[in-house]
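Asks: Annotated Mg(2+) binding site per TrEMBL: 2, 182, in sequence order. Summarising the annotation, TrEMBL assigns active site to 2. If you look up TrEMBL, you'll see 3-7, 15, 19, 47-49, 51, 53, 163, 169-171 marked as substrate binding site. Residues annotated as active site, proton acceptor in TrEMBL: 50.
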Ligand code: IPE
Ligand code: MG
């Protein structure tokens, strides 16, 4: 979800105003995913590197998380959304940590949409923490065991990875899990990324051929056989 700061700056507003607008965009996005039948939505809300931002922006983002937790959980419950937080919680305040647990517990029974919020998350952090966990348990490190020790082990790898804000890079997001994700870059700033923009991304995804290392012919064969 990139572009909140620029959205605000263009309007001569403080950057935090852009983040606030970003929460509104996220609320709409979650709702629309539920309506479109999307089963899993994972968002990058705060990266391990975002601590390097000006202190007032970091505290503004923490405050926004705390407010959003109390305000949004009733909506999530009503819409059948199960929330998970993924990331290093040790650096977060006691109050925020309690809020995360509460939100997870309050929505644990929901099954319509799994909503993962990556907060104080980094793809490299996730790989390293998974490896450290296995070492601690004395387990061998394999693709399968690492996969099962990752922060997103409860969901399958993402089919589609969207980045807004015009930048074309991964910025330490799902490094492990995005191995075969379709990448989609939108020039829209995150607060402007509305339902129509999400539909456009999904439509673009639907036109892609996913081969997972195989040939185009191999992918089309089963379809041809079925039709015959
Ligand atoms: C949101 O967008 C990303 C978060 C860290 C919440 P940015 O704050 O990176 O916005 P730009 O890139 O400065 O416009
Ligand atoms: Mg940015």
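Note: Cβ is positioned from N, Cα and C throughout, glycine not excepted.
Are these features on the surface or tucked inside, and what touches them?
Replies: The secondary structure of residue 2 (Mg(2+) binding site), as reduced to three states from DSSP, is coil rather than helix or strand.
Within its own chain, residue 2 (Mg(2+) binding site) has 163, 164, 165, 166, 167, 189, 190 as residues 6 or more apart in sequence whose C-beta sits under 8 angstroms from its own.
In this view, residue 7 (substrate binding site) is surrounded by 22 other Cβ atoms within 10 Å of its Cβ, with every protein chain counted. Following the DSSP three-state reduction, the secondary structure of residue 7 (substrate binding site) is helix.
When other Cβ atoms within 10 Å of the Cβ of residue 50 (active site, proton acceptor) are tallied across all protein chains shown, the result is 16.
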Asks: Measuring Cα to Cα, how many Å separate residue 48 (substrate binding site) from residue 182 (Mg(2+) binding site)?
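Replies: Here the two Cα atoms are 24 Å apart.
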Asks: C-alpha of residue 3 (substrate binding site) to C-alpha of residue 50 (active site, proton acceptor): distance in Å?
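Replies: Each residue's Cα considered, residue 3 (substrate binding site) and residue 50 (active site, proton acceptor) end up 14 Å apart.
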Asks: Which binding-site residues from the set 48, 51, 163, 170, 182 come near ligand 1, judged by a Cβ under 6 Å from any of its atoms?
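Replies: Close enough to ligand 1 is none of the binding-site residues.
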Asks: Near residue 19 (substrate binding site), which residues of its own chain have a C-beta under 8 A away, given they sit six or more steps off in sequence?
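Replies: Residue 19 (substrate binding site) has long-range Cβ partners 4, 5, 8, 60, 61, 64.
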